[in-house]
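A.B. asks: What follows is a structure written as structure tokens; I'll ask about it next.
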Amino acid sequence: MELEDILNAREGDKLFLLGNEATVRAAIESGVGVASTYPGTPSSEIGNVLSGIAKRAGMYFEFSVNEKVALEVAAAAAASGVRSFTFMKHVGLNVASDSFMSTAYTGVRAGMVVLTADDPSMFSSQNEQDNRHYARLACLPLLEPSDPQEVLEFMNHAFELSEDYGLPVLLRTTTRVSHMRGVVEVGSRMREPSEGFFRKDPERFVPVPATARVMHRKLVDKMKELRIRADESELNRVFNGGSDSELGVVASGGAFNYVYDALESLGLELPVLKLGFTYPFPAGLVEEFLSGLKRVLVVEEVDPIMEREVLAVAGSARLDLDVHGKLDGTLPEIYEYNEDILRKAISGLTGAPSVERECDVPDIPERPPSLCPGCPHRAVYYAVRRAADELELSGDEIIFPTDIGCYTLGIEPPYSAADYLLSMGSSIGTSCGFSAATTQRIVSFIGDSTFFHAGIPPLINAVHNKQRFVLVVLDNRTTAMTGGQPHPGLPVDGMGDEAPEISIEEIVRASGVEFVETVNPMNIKRTSETVKRALEHESVAVVISKYPCMLSSGAVRGRPMAVDGEKCDLCLECIRDLACPAMVTREGEVFIDPLKCRGCSVCLQICPAGAIKPEGKG
């Protein structure tokens, strides 16, 4: 969808939007003045779109250094009377959770929406956590849209709800809702962004113990009012209410879509309660829905949160009712759902014949994820492996903690340079632990954006506590895996304006690291020699690999490489140890695809026979 259409569409216009794009339109309609994020799939497109149109919409937008900062930026804006919107992937809310929990106590003066993009089945994440738990933990209202139209409507509703109760509102999407595309009828711009002014009120905004106790009581009282609001909310709807079936369905979020499709394919009309306002749980509405049923199927992704609520409602009301879902094995406990799963479950409960869809899928070769041709990370992994081999460090003698980013693909052979991963920035913290607990050598990897996000405190910890390991900072001049967003190490901000460029090398030196060297990873010999010296250093050593991502605007494409068949002795070191996707064996010969080759020349440097040269050179 063109950015101009999202920005300039008029009330009643219909746009074909991603769920993520619909959030941007909602932010414009609701008069958001400040928006912030740290990029992370499946929420990344929101920031990409906002980056392109925020200034023209009269909105301030930033790619914050991490999610905690992003939430704090939004919270302060909302406390100043400016509507704010912060968004992040599900694990990002872990990073922001300290301040997120406190915003429930302090509240807001203008609407504040926190979007969490959950990732059932972990398509791009290290875990499958269900962030609906955060609403309960913080005592904040939770809305769950099912499609792009609802994303727009629910988000606009969330700002009104936020201001009615002076609380942030959590909006939960999932990967399919974020990346689903649908027709969205847009509304009008209800208000324009306004300039804020912070009126001091320490008893409200400074939660020391004495004031926090008062804040908590007020929050509990607000939740009592919100329970009534949830019971009466128009975001909760009953479908097929006239059905006389003894089996009903309670569903929320993207999972509702699978229920709808499954019922349609089975030709059934079961009563369905679709919950959009899911916390506080609308117990009164649910009890009313359950009262005419003998059985109910609860459909949700990922944890059985609503199912336990339904069980509690049924038990409290002493309803003679069987509750089916995850807990009794009717539905899978984990991963995202689909129409087939729901059709099978409903068929099993109703006895309706389930029509299995036949799909003739041809066998295709496996395509494991791979670093791009010319990726500087590949060169680094090769150089590190060469340095380790020359120092006779192999197998369990050397540990490779890694981090979140494209370079996590270092787990794949032939590099096999990813042994331990927890979260953003964990490569450095876990290196401290391995250094303290073992005598094994350690080389850890972290990206440039991840270093700014969460790498600086553990690096200071490492220096202060006299740990010993090598840290390789993979500075490819962008936040690559999520789409090439800027970070503080670049001279541009989230709205495309010129900004101060923060030097990673200067930060590392200021942290007390004595061994700091910056290398061009495409120079294999120098990079390998630098890593060897770093491994021999007696304390923390940092090697900064600085070279632009091949997908970025700053990348330079060189002349493609070619193989001299007369010189090539088919040792296959280039295929076996470098594993560049541009290099293949064809009819018993090594071949470099000129359309894929980026001309980085790494293969030329490592060929023992000197059989690789720039294309067209004799």
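Cβ from N, Cα, C; glycine included.
Below are the features listed in Swiss-Prot for this protein:
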type: BINDING; residues: Cys568, Cys571, Cys574, Cys607; note: [4Fe-4S] cluster 1 binding site
type: BINDING; residues: Cys580, Cys597, Cys600, Cys603; note: [4Fe-4S] cluster 2 binding site
type: DOMAIN; residues: 558-587; note: domain '4Fe-4S ferredoxin-type 1'
type: DOMAIN; residues: 588-617; note: domain '4Fe-4S ferredoxin-type 2'
A.B. asks: Taking every residue in the domain '4Fe-4S ferredoxin-type 1' (558-587), what is their average pLDDT?
C.D. replies: 93
A.B. asks: Please indicate, using numbers and ranges, the residues of the same chain that are 6 or more beyond the domain '4Fe-4S ferredoxin-type 2' (588-617) and have a C-beta under 8 Å from a C-beta there.
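C.D. replies: Same-chain contacts beyond the flanks: 372-374, 376, 378-379, 382, 522-525, 550, 555, 557-565, 567-575, 577-578, 580-582.
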A.B. asks: Checking the contact step here: among the binding-site residues Cys568, Cys571, Cys574, Cys607, which have a Cα within 10 Å of the Cα of Cys580 ([4Fe-4S] cluster 2 binding site)?
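C.D. replies: Checking Cα-Cα distances against Cys580 ([4Fe-4S] cluster 2 binding site), the binding-site residues within 10 Å turn out to be Cys574.
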A.B. asks: Nearest to Cys574 ([4Fe-4S] cluster 1 binding site) by Cα distance: which of the binding-site residues Cys597, Cys600, Cys603 is it?
C.D. replies: Cys603
A.B. asks: What counts of helix, strand and coil residues does DSSP assign across the domain '4Fe-4S ferredoxin-type 1' (558-587)?
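C.D. replies: Going through the domain '4Fe-4S ferredoxin-type 1' (558-587) residue by residue, I get 6 helix, 7 strand, 17 coil.
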A.B. asks: Say we define neighbours as other CB atoms within 10 Å of the CB. Which of the binding-site residues Cys568, Cys574, Cys580, Cys600 has the fewest?
C.D. replies: Cys568
A.B. asks: Do you know which of the binding-site residues Cys571, Cys607 has the most other C-beta atoms within 10 angstroms of its C-beta?
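C.D. replies: Per the Cβ count within 10 Å, the most buried is Cys607.
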A.B. asks: If one measures from the C-alpha of Cys597 ([4Fe-4S] cluster 2 binding site) to the C-alpha of Cys607 ([4Fe-4S] cluster 1 binding site), what distance in angstrom results, rounded to a whole number?
C.D. replies: 16
A.B. asks: Helix, strand, coil: count each for the residues of the domain '4Fe-4S ferredoxin-type 2' (588-617), based on DSSP.
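C.D. replies: Helix/strand/coil tally for the domain '4Fe-4S ferredoxin-type 2' (588-617): 5 helix, 7 strand, 18 coil.
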